Amino acid sequence: MITEFIDGLQQFHFLQNALITAIAIGIVAGAVGCFIILRGMSLMGDAISHAVLPGVALSFILGINFFIGAIVFGLLASILITYIKSNSIIKSDTAIGITFSSFLALGVILIGVAKSSTDLFHILFGNILAVQDQDMWMTIGVGVTVLLVICLLFRPLLLTSFDPVLAQSMGVRVKIYHYLLMVLLTLVSVTAMQSVGTILIVAMLITPAATAYLYANSLWSMMLLSSSLGALASILGLFIGYSLNIAVGSCIVLTSAVFFLISFFIAPKQRKNKHALSSH
């Protein structure tokens, strides 16, 4: 199977595009996912990934680039969730659940209204083997931009992630960095939609980062390990999906889940935690 996969990479341009795109998404999703994990915003990541669906559908209806619609609706969902949480007795998880389910339902309706040739299944679950050259370069461009922003603003992002109260007292505008992270999350969600679809995007964001969290002792090392695991899961998932002729996006997610499952039992932090629990 490995030989066939390598031969396919040498012969088929679409497979080369798929591999490069998958690696790029794995790297950038792994990096952004670390901040999502540290901020306890896994549900927010799920909401944003679902919220881009109506934006994509509306973009098809209006004949504009789907990046524009997806980013607008991703930010709209973020603002709506924050507003509901800040101006009512409703807790954040409830606000997130209401918002993401509503946006997902709206997206399905808009796709039906658009009557486009775009397959709903591919939007929901991805089709990385259909990635074109322009999609690949756009993914790389977005990935480089997101990573550059993280590097340039690493310190305030780190501070607002670990201790927002301290950051506020130091004059850091916490809300601005919160919404900046939402922008980065939306960008990653839009690019990852091509590989795993809107349904499974959150797994690309959360699972490699959660696995890295079991090993890392600093945010930098966590980001590096998470991105590496994301890229490795993407490569192996593409190999398995292509070789067995099954859904590549799902293979990527399941490969990442296997990494986490193994780490859950062997990671040093986990062993220490189990030892501490057993001693009580």
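Heads up, residue numbers simply count up from 1 along the chain you see.
Each Cβ is built from the backbone N, Cα and C atoms, and glycine gets one as well.
Taken from Swiss-Prot, the feature transmembrane segment covers 18-38 (among others), and the record attributes it to sequence analysis.
For the transmembrane segment (61-81), same-chain residues at least 6 beyond its ends with a Cβ under 8 Å from one of its own Cβ atoms are 44, 47-48, 51-55, 92, 95-96, 99-100, 103, 110, 113-114, 138, 179, 182-183, 185-187, 189-190, 193. Summarising the annotation, Swiss-Prot assigns transmembrane segment to 61-81 (among others) and lists sequence analysis as the type of evidence.
Annotated transmembrane segment per Swiss-Prot: 94-114 (among others), in sequence order.
Look at Swiss-Prot and you will find 139-159 (among others) tagged as transmembrane segment. Residues 20-21, 24-25, 27-28, 31-32, 35, 131, 166-167, 170, 172, 177, 180-181, 184, 187-188, 190-191, 194, 219, 223 of the same chain, all 6+ positions outside the transmembrane segment (139-159), place their C-beta atoms under 8 angstroms from a C-beta of that stretch.
Per Swiss-Prot, the feature transmembrane segment maps to 174-194 (among others).
Taken from Swiss-Prot, the feature transmembrane segment covers 196-216 (among others), and the record attributes it to sequence analysis.
The transmembrane segment annotation in Swiss-Prot covers 222-242 (among others) and rests on sequence analysis.
Taking Cβ pairs closer than 8 Å, the transmembrane segment (246-266) reaches residues 18, 22, 26, 125-129, 195-197, 200, 203-204, 207-208, 210-211, 214-215, 229-230, 232-234, 236-238, 240 in its own chain, all 6 or more past its ends. Feature annotation from Swiss-Prot assigns transmembrane segment to 246-266 (among others).
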